[in-house]
Each structure stands twice: as C-alpha cells, then as structure tokens.
Number of protein chains: 2
Amino acid sequence: MTHTQPIGFIDSGVGGLTVVKEAIKQLPNESILYLGDTARCPYGPRPAEQVIDYTWQMTRFLLEKNIKMLVIACNTATAVALDEIKAALSIPVIGVILPGSRAAVKATSNHRIGVIGTAGTIKSHSYERALKAKSPQTTVISLACPKFVPIVESNQYHSSVAKKIVSETLRPLKNKKLDTVILGCTHYPLLKHMIQNELGSTIRLIDSGAETVGEVSTLLDYFDIAQQSDQDVIPTHEFYTTGSPKIFDEIANDWLDLPNISSNHIDLGGK
Amino acid sequence: MTHTQPIGFIDSGVGGLTVVKEAIKQLPNESILYLGDTARCPYGPRPAEQVIDYTWQMTRFLLEKNIKMLVIACNTATAVALDEIKAALSIPVIGVILPGSRAAVKATSNHRIGVIGTAGTIKSHSYERALKAKSPQTTVISLACPKFVPIVESNQYHSSVAKKIVSETLRPLKNKKLDTVILGCTHYPLLKHMIQNELGSTIRLIDSGAETVGEVSTLLDYFDIAQQSDQDVIPTHEFYTTGSPKIFDEIANDWLDLPNISSNHIDLGGK
C-alpha cells in the first residue's frame, strides 16, 4: 500500500458526496474515488441481502482501482454490510454509524437522541445498539424518512415540495425533548437547513458523514498511509455513477466546491 | 483480547493524568491502568536512547497486567519511542503527537502554529514534521519549556512562582501572530490557565492529550475492543508510580474527579 493511492467512497447514490465534501476540506492531500449506485438507489427499502450484494459489487469495482482505504459512505450499507466487508478486506474499511454515534453521545446533555435514516437503517437498530452500548442511560427515538433520499436524488432538495415533505415527515420528532438528532443517512445533509428549521435551532444535528472523516484521518495516520503534502502529488477526484452522469454532475457541482465535475457512467452487473 | 481488559497509560510522571481525565469523561465504561515514572522524571532533558529504554520498561510492566491498548501519554516518549513500540506489539499503541497535530491544523485560520514542549520533544521536530506533512503552508514556531514539568511534578502548579516562570518562559512566543498553540506535553494542561493568560484569550490552545482520547475511542471501536456498557462490568482505575505515592496522590486527587486515589509504588529495574 502506498500513501499516494486514492481513498474509495461508496454510496447508494449522491449521498456520500456529503462525506467527500468534508474529506476534501479536512484531507486536501488525498485522492478520492467515488462510486454512487444511482441506478439502484434508494437502498433503504431493499432487503438486507440485496444491499450486501450491491455493496460488494461496488467494493470490488473500487478494489480493482487500487484504493488504500474504503469508506462505506452510506448508512444503509454500513448497517448491514460493514462487518462482513471489513473482515474480508486487507485495507481499512470504515462505516458511518459508529462515528455519528460517538459524536452524538458526546454532544447530548439530556441523553435524549433522535435518529433519522432510511427504512433499512432504522430497521437494523444499528444506531440504537451503538448509542446504548456507549451510554446505557440514553433514550433513542428513531424515525424512518423514506421520502428524503428520492427528493435528493431527483435534485429537488431546494424545492418547496422538499420543504413540505421534510416538515410532514419530522412531525413525530417534535415535542420529544430531544437535544441531539443524528442525520443517519448521508443524503440528509443536503436537506440540513430544512431539517434544522423544522426541528428548531436549539437541536444539535450530527452529520454522521462529516464525523466519519475524522475517523478516516485518524486511521490514515494510524496505519501510516496518509498522503504527505511534501510528496508533491496533485490529488485527483474521480466520480463514477451507475445512473445518469448528468443529474449526478448537477448535484455534485452544486454541493462540492470543485471545478467542473464530470462523472463516468459504469454498469455493475445488472439487477 | 477481550473488551473488559484495561487500557494502559504511561507517562514520565503525573502529566498523563490529563489524558486519563479526558478518558474517564469520554470513555466512562473503560478500565484504566496508569503508570507514571515519577522517580526518573523529567524525561525531557534525557538522551533519546534512555527515554526509549525507560518507555519499554513501563510498557512491559503494563503488558504483564494484560492491557488491551497502550497510550503513550507523554510527548517526549511518543517522539522517540512510539514507532518502535507500535511495530513490536500486537495491541494498538497510540501516541499524543499526531492527534494534537491534526487538531491544530483543523483549528488554525492563519496557519501560524506554536508548539511548546520539553527539550526532548522540541529537539525531535516531531510536531513540525507532522504539521508540515499535513499542511505545508504552516509556519511552526517551537519553544522548549524545560521548567514546566518540574513545577507540575513538585505540586507547585498553583503557585505564584509557577506564574512567574510561565510568564518568563513564554515571552518569545508573544507578537509572533500565532492563532493556535499546541500544549505539546501532557503536563502542561495543569498550567493551562496561566498559559492562556500569558498568551492571551484569543489564542486557541490545543491539549494534545485530550485530542488523543478521541483517537483512543475511534480505535476501540475500529478494533471492536470497546467495553460495552451492557456487559455489567464496573470499570476500575489503578495507578502506579515509581516515585512517592504521596505527592502523586495529591496531584491526582486535585486533578481527577475520583474519590480517594491511592497509587501503588513500584520499581522499574533501577537506573
């Protein structure tokens, strides 16, 4: 493994770009390879076995491109596939659930934490288990928000329709005396302002993806595979999608502060 | 390795207690074993070979007590012995220099970072290398503060003598347009108020030890060796010193919020 190899990021679609945005900011020396399985998004409603299968397909694609670390930048995939993939690979593999849980336990004062995510993530109880293991007195209130990912993937996350859906979906979390809510899906930071507006400015929102980059940074150092700035390598950012590069690029250009993102379409063995 | 084993912390004296304080706060489920080599403190002026030798002696003592992770909670020892000990052990080994450097690079706005530490740490250029590798445009101004550790170890860190020494020692850092200063010695947080007063309230002080606990937490999760709160184990905290338990306990009781710390005296094969 050399320091100059890229870090791989995978997601069901464009959500993992919120993690990449943080990575570019916190780790400007690192090259990045991103793959979004846009064609089969959302993963949230799919059976666990299928999500595991798809996640492996994405992982294999990036392994062939010689990544030095894999970030499963998708909560649904992390919930069901992280342990298996981490155990099987020789490179470090990082998910988004534990970093978000650690940050939430640190942030809460009243030990009442909300978790919003896809149906798959919420059904897995992964956040609940992680939060309770760290802090047994925590009350966790979870809510599946199945409409959020499609809003983002269709590039409607600035729309008034989005605002209405966010408002209606989050109603069950109101008056629950939460002081912290985990954005347990990497698509959700694109709706962060609407979510914050709806839940109120005093609620601390935890961006599980952004927290994950802190872990990426720690592990790059721990395994001594960080790209050193004196190595004189210009970092590259490559994007792949199984769906339409056009919509992917529109969202990526809107969200990331990079010049002219142009993603590549690939196929991942059908289904 | 089981989740219930303790985490080991070593330091030249009482400085590592500042790391333990954070660990108790952030990781309340974990059992802790601490060893301070008070009899041979300070390490700062000693030759690197001797510090490596002493650090190995402390490491062996804790390994026999079956720790699951080793934290070298001493910057001087981290600078010269971390790589060798980490490569030799099968448990995770963590130092305090990289976490402090990561936090400083994240905190600075004007890319002018000060580092204060022992003569050994400053001479090793470890912080300078780590900071430059992460952010080449950073200007690093380093200052050895050889009088700080003896003030702390002699339990005079609240005294007016301490205030005078801090003031005189830090003079060369004034008017250097620094916005961030790394407390590159785990003893220094005990002098933090005086240091902050002297450098001014706008300077961001980075507590390398406190930052290290974030890395401990990340790696406990990554290697799946965190003590789970549902395992019904009451965490224990044991303290060992090669010096006088009396002074050690006075400082520990003043600094840590634990009832009646009573450390054990041990010998580490002379010198």
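Every residue gets a Cβ built from N, Cα and C, even glycine.
Per TrEMBL, these features apply:
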- B:ASP11, B:SER12, B:TYR43, B:GLY44, B:ASN75, B:THR76, B:THR186, B:HIS187: substrate binding site (BINDING)
- B:CYS74: active site, proton donor/acceptor (ACT_SITE)
- B:CYS185: active site, proton donor/acceptor (ACT_SITE)
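Feature map: annotations from TrEMBL on the structure.
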residue	record	DSSP (3 states)
B:ASP11	substrate binding site	strand
B:TYR43	substrate binding site	coil
B:CYS74	active site, proton donor/acceptor	coil
B:CYS185	active site, proton donor/acceptor	coil
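Annotated pair B:TYR43 (substrate binding site) and B:CYS74 (active site, proton donor/acceptor), C-alpha to C-alpha distance, rounded: 9 Å. On the backbone, the CA of B:GLY44 (substrate binding site) and the CA of B:CYS185 (active site, proton donor/acceptor) stand 10 Å apart.
The two recorded residues B:HIS187 (substrate binding site) and B:CYS74 (active site, proton donor/acceptor) have their Cα atoms spaced 8 Å from each other. Within the set B:ASP11, B:SER12, B:TYR43, B:GLY44, B:ASN75, B:THR76, B:THR186, B:HIS187 that the record links to substrate, no two Cα atoms are more than 12 Å apart, and one pair reaches that distance.
B:ASN75 (substrate binding site) counts 35 other C-beta atoms within 10 Å of its own C-beta, drawing on all protein chains shown. The substrate site is set by B:ASP11, B:SER12, B:TYR43, B:GLY44, B:ASN75, B:THR76, B:THR186, B:HIS187; from the centre of their CB atoms, other residues of the chain with a CB within 8 Å are B:GLY13, B:GLY15, B:GLY16, B:CYS41, B:PRO42, B:CYS74, B:ALA77, B:THR118, B:GLY120, B:THR121, B:VAL149, B:CYS185.
For the pair formed by B:THR186 (substrate binding site) and B:CYS74 (active site, proton donor/acceptor), distance between Cα atoms is given as 6 Å, rounded to the nearest Å. B:CYS185 (active site, proton donor/acceptor) is 5 Å away from B:ASN75 (substrate binding site) when you measure Cα to Cα.
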